[in-house]
Amino acid sequence: MAMSQFVPELRLGYLYTYWGPLIFVLAVTLFREGVDDIRRWQRDEEVNSQKYKRLIRGKDHNIGTEYVSSSKLKVGDLVLVEKDQRVPADMVLLRTTEKSGACFVRTDQMDGETDWKLRLAIGDTQKLDCDARLFDITATIFAEKPQRDIHSFIGTFRRQDNGEEVSLDVENTLWANCVVANGSALGAVVYTGAETRSVMNNSQPRSKVGLLDIEINQLTKLLFCAVVGLAFVMMCLKGFSGPWYRYMFRFVLLFSYIIPISLRVNLDMGKAFYSWSMQRDEEMPDTVVRCTTIPEELGRISYLFSDKTGTLTQNSMVFKRLHLGTVSYGAESFDQVAEQLKMTFCGAVEPTHNRNLSQGSTSFKIRRSEQTRLHDAVKAIALCHNVTPVIENNVQGNITDSPVELRSEADQHYIKESLLSRSQCTYQASSPDEIALVKWTEDVGLAVIKRDLTSLQLRTSAGDILNYTILQMFPFTSETKRMGIIVKDVASGDITFYLKGADVVMSSIVQYTDWLEEECGNMAREGLRTLVVARKNLTEEQYLEFESRLNSARLAVTGRAQRVATVVDTLEREMELLCVTGVEDKLQVNVRRTLELLGNAGIKIWMLTGDKQETATCIAKSSRLVSRTQELFIFNPVHTRTEAHQQLNAFRKKQDCALVITGDSLEICLQYYQTELLDVACRSPAVICCRCSPTQKAQIVTLIKAHTGKRTAAVGDGGNDVSMIQAADTGIGIAGVEGRQASLAADFSVPQFSHLSRLLMVHGRYSYKRSASLSQFVIHRGLIISTMQAIFSAVFYFSSVTLYQGFLMIGYATLYTMFPVFSLVLDKDVLSKIALTYPELYKELSKGRSLSYKTFFIWVLISIYQGGVIMYGALFLFEDEFIHIVAISFTALILTELIMVALTVRTWHYLMLLAELFSLAVYILSLILLKDYFDSHFIQTESFLWKVTVITLVSCLPLYILKFLRKKFSPPSYSKLS
């Protein structure tokens with residue numbers, strides 16, 4: 001349309017009338033998009049420019065290293081990764097600083113699990129004297145084609161000189177974005193860039209468009225149709241004679257102000273203001289808005305998908321309770337536990353024959369019995385686990401103990417001395433509550449100081465070293481819900497089988513007691529994660545017979561797992577119950593309150609985590625994601641279509657029941673019963689999906705969006721949450737202990753989960769409400785002047801002549817009305833305190849009633865009414881001279897717009913008042929200075945003033961009366977609370 005003004009036959013006025021607003025709109029939009037692109041480029045450049053050491057051979061055959069950017073690494077490069085450094089590419093581990101070739105890595109950015117994973121270097125390369133010897137051998141690494149699965153790898157390592165081939169699996173790899181936790185690691189790059197596991201599990205980020213923008217685009221299409229339709233009606237009334245197509249196009253140009261070209265600029269500026277407000281909110285410190293185009297989405301969320309580890313929790317487990325049957329020890333009595341253990345290990349309890357056994361003998365025997373059982377329970381907790389201690393020197397910061405074997409007494413002495421001096425011990429395990437248990441035993445006087453594949457060492461509070469040989473280890477699985485270990489006391493030769501697990505499976509394994517079920521229930525009601533610990537003493541003959549049967553089962557080609565389980569089951573009978581432990585997974589601050597607010601706001605919350613089912617359900621209960629009155633439906637593991645169908649039917653019969661499902665079962669159900677699963681899951685008050693891969697998290701979000709058509713948000717803190725965050729309509733990252741990858745990839749970043757309530761229910765509400773009002777006012781501004789133009793053209797024989805020309809048209813959308821209309825971004829329908837106190841107000845926002853077809857047509861009718869009143873009042877009731885008609889109608893138009901803004905405002909801000917006064921002052925000044933448009937003598941007369949006043953009152957007063965009556969008899973819900 002702007003280009004058409006270069007054609008003389010189509011020109012309606014000055015070129016700047018059309019080109020000025022267009023250039024301004026394009027400039028603002030390009031500037032905002034350019035700033036966002038520059039920021040993204042800077043973040044990418046920061047990651048890609050990180051330097052790493054690459055092993056090279058110089059021209060003189062000397063071996064050295066060079067620093068190279070991660071983006072320049074190639075397949076086959078030998079890269080040295082230091083401690084606490086992020087792995088830049090997928091590599092096969094060749095050498096480590098540990099003699100055993102072991103290396104711990106942190107994989108929280110891959111799978112969300114914060115425990116360290118053990119990785120092993122290839123034996124042939126680890127045995128070499130030094131790194132330089134790698135260039136003296138000729139070897140080939142075969143790697144499978146790039147895969148998404150982060151838990152598996154198939155490859156081989158072949159040396160050409162001896163022809164020996166070694167199989168490689170995931171334990172020999174270092175995936176990109178993992179962090180080397182101890183020592184240094186040297187690896188050969190096998191995958192780079194888009195072929196790395198990390199990138200393949202990240203979905204491609206899409207350009208996010210808010211629902212409000214989509215709705216405005218739909219309304220804009222209607223407005224365009226209105227422009228063409230109105231122009232066609234005018235042509236029909238005028239008649240299709242002469243060059244009718246030229247007149248038709250001129251009419252389209254005349255009514256083009258119906259299309260709100262300035263709306264995009266107003267919305268972009270409003271979005272920038274909303275983003276600035278979020279980042280300046282003192283109630284949400286350190287909040288960062290990285291996507292300024294979708295703040296309104298925060299006000300219309302129906303589904304919230306949340307990670308668990310580091311998002312709902314602090315990644316901090318604390319041992320809270322120990323129950324022995326007749327006595328229970330809480331946190332306040334752990335000092336007493338430590339004192340009794342010290343007496344036991346130091347032999348402080350005197351023999352009974354040295355004491356007066358008259359009246360005090362009974363109480364002494366009871367005390368002695370409790371002390372013995374406490375000793376046995378703590379020792380069982382210290383032995384039955386998969387925790388590996390890592391001792392680090394505080395001064396030098398290098399690893400001094402690892403899975404490397406310590407065989408000599410000197411080694412033991414070194415451990416003892418290092419623990420007593422400046423070294424500190426950290427624990428690594430596959431489960432955080434395992435670490436909590438071992439840390440507690442250390443606090444009460446029995447520390448785990450060394451652990452490898454075959455031995456385990458404990459240190460008592462007296463400084464004595466207890467040595468044990470690990471004979472068998474039975475790891476924890478989701479199917480068995482327990483783990484066991486068989487150890488042999490080196491000093492006494494006693495062989496003991498320790499077992500710990502969930503109460504639901506342990507209750508049938510241990511000898512009957514009347515307190516186990518009750519105590520486990522009490523701890524669960526306190527939100528504690530319970531474990532039942534038991535033992536069985538074995539003779540040498542019993543163990544050898546068991547070992548023989550176990551080895552035979554492990555050699556079976558078919559049904560190996562089942563045969564092994566059968567053999568182990570023979571040992572898990574009539575075991576002695578030692579104790580029940582209670583561990584609390586510390587939730588983030590105000591998580592329970594936040595989840596309650598979000599639930600009351602009508603938001604359905606799904607927990608998507610890569611963690612174990614037991615951990616996930618425990619956190620769901622303790623955080624009140626699942627209320628105490630709701631039942632949990634554990635979706636049993638399914639492997640076939642029939643099993644999936646049975647489980648879905650069983651869950652369909654439940655009422656007000658939360659769903660717990662694993663990633664494997666979810667995949668089967670989605671393959672055969674996608675619609676049915678989504679139907680029943682969406683009716684559930686809460687859903688917990690555990691053992692989910694990053695790709696599955698993103699898939700779930702995408703499916704829910706498509707199935708429900710509702711707006712979704714995803715919140716997480718780890719690299720494994722990036723795909724989910726990018727797939728959701730709104731991605732929220734938490735900058736936590738797992739790094740900043742999720743925070744950098746998210747649209748919004750907050751420091752803790754509790755800030756979500758304010759982010760959604762306050763800032764989300766304000767952003768949506770304000771943008772809706774702003775959009776409708778800009779549309780109203782174009783409709784009212786186009787209505788006046790249509791009436792003017794109809795009165796003057798359907799001529800295609802503009803009513804207002806030149807600066808009046810530019811000033812109407814800028815200086816005269818822009819500031820008051822834009823000041824609506826300061827409006828508040830309710831105070832933030834009320835929005836948080838009554839979260840039910842948020843439910844109304846998801847219905848989209850603030851900007852809908854209903855409100856749109858209401859504003860269309862208002863525009864037609866006001867435009868008709870102003871134009872007909874100026875034409876027929878008062879004046880005949882054209883310049884006077886322009887002065888009266890345009891002045892009434894400006895005053896009507898200013899009054900309409902004032903009628904719409906619900907909470908006044910001083911800047912709103914300044915904007916109204918400024919626009920009014922600028923217009924009054926224009927009346928005086930723009931003598932080409934206004935008759936300076938006429939505008940000073942009383943006739944001008946009363947005519948403008950009457951027209952303005954007739955156009956605005958009925959709307960004020962309707963607003964008053966509505967507020968009186970049918971007020972909106974939020975106004976009742978104001």
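Cβ atoms here come from the backbone N, Cα and C positions, even for glycine.
Bear in mind that TrEMBL entries carry predicted annotations, made automatically and left uncurated.
Copied from TrEMBL, the annotated features are:
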type     : residues                                                                                                       : note
BINDING  : Asp307, Thr309, Asp717, Asp721                                                                                 : Mg(2+) binding site
BINDING  : Asp307, Lys308, Thr309, Glu434, Phe476, Lys500, Arg529, Thr609, Gly610, Asp611, Arg691, Lys697, Asn720, Asp721 : ATP binding site
DOMAIN   : 64-197                                                                                                         : domain 'P-type ATPase A'
DOMAIN   : 744-971                                                                                                        : domain 'P-type ATPase C-terminal'
TRANSMEM : 12-31                                                                                                          : transmembrane segment
TRANSMEM : 222-241                                                                                                        : transmembrane segment
TRANSMEM : 778-798                                                                                                        : transmembrane segment
TRANSMEM : 804-826                                                                                                        : transmembrane segment
TRANSMEM : 856-876                                                                                                        : transmembrane segment
TRANSMEM : 882-903                                                                                                        : transmembrane segment
TRANSMEM : 910-929                                                                                                        : transmembrane segment
TRANSMEM : 944-962                                                                                                        : transmembrane segment
>> Could you check whether the transmembrane segment (944-962) packs against the transmembrane segment (804-826) - three or more CB pairs closer than 8 Å, residues at least 6 apart in sequence?
In response: no
> Taking only the binding-site residues Phe476, Arg529, Gly610, Arg691, Asn720, which one has a CA atom nearest to the CA atom of Thr309 (Mg(2+) binding site)?
Replying inline: Gly610
> Short question: which residues 6 or more past the ends of the transmembrane segment (910-929) have a Cβ under 8 Å from it?
Replying inline: 811, 815-820, 822-823, 826-827, 887, 891, 894, 898, 901-902, 936, 939
> Which whole-number mean pLDDT does the model give the domain 'P-type ATPase A' (64-197)?
Replying inline: 86
>> Through the lens of DSSP with three states only, how would you label Arg529 (ATP binding site)?
In response: strand
> Asp721 (Mg(2+) binding site) has how many other Cβ neighbours within 10 Å of its own Cβ?
Replying inline: 36
> Near Arg529 (ATP binding site), which residues of its own chain have a C-beta under 8 A away, given they sit six or more steps off in sequence?
Replying inline: Asp433, Gly582, Val583, Glu584, Asp585, Glu614, Thr615, Cys618
> When neighbour density is defined as the number of other C-beta atoms within 10 angstroms of a residue's C-beta, which of the binding-site residues Thr309, Phe476, Asp717 has the lowest density?
Replying inline: Phe476
> For the transmembrane segment (856-876), what are the same-chain contacts with Cβ under 8 Å, counting residues 6+ beyond its ends?
Replying inline: 219, 222, 776, 779-780, 783-788, 791-792, 795, 885, 888-889, 892-893, 896, 947, 950-951, 954-956, 959
>> Quick check for you: of the binding-site residues Phe476, Gly610, Arg691, which have their Cα within 10 Å of the Cα of Asp307 (Mg(2+) binding site)?
In response: Gly610
>> Give the nonlocal contacts of the transmembrane segment (778-798) in its own chain as ranges (CB under 8 Å, at least six residues past its ends).
In response: 219, 223, 227, 230, 234, 237-238, 251, 254-255, 257-260, 262-263, 266, 804, 812-813, 817, 821, 856, 859-860, 862-864, 866-868, 870-872, 875, 889, 893, 896-897, 900
>> If I take the alpha carbons of Asp721 (Mg(2+) binding site) and Arg691 (ATP binding site), what is the distance between them in whole Å?
In response: 13
>> I need the CA-to-CA distance for Phe476 (ATP binding site) versus Asp717 (Mg(2+) binding site), whole Å please.
In response: 26
>> Let me check the 10 A CB neighbour count of Asn720 (ATP binding site). How many other CB atoms are there?
In response: 33
> How many Å lie between the Cα of Asp717 (Mg(2+) binding site) and the Cα of Gly610 (ATP binding site)?
Replying inline: 13
> So how many other Cβ atoms are close to Asp307 (Mg(2+) binding site), meaning within 10 Å of its Cβ?
Replying inline: 30
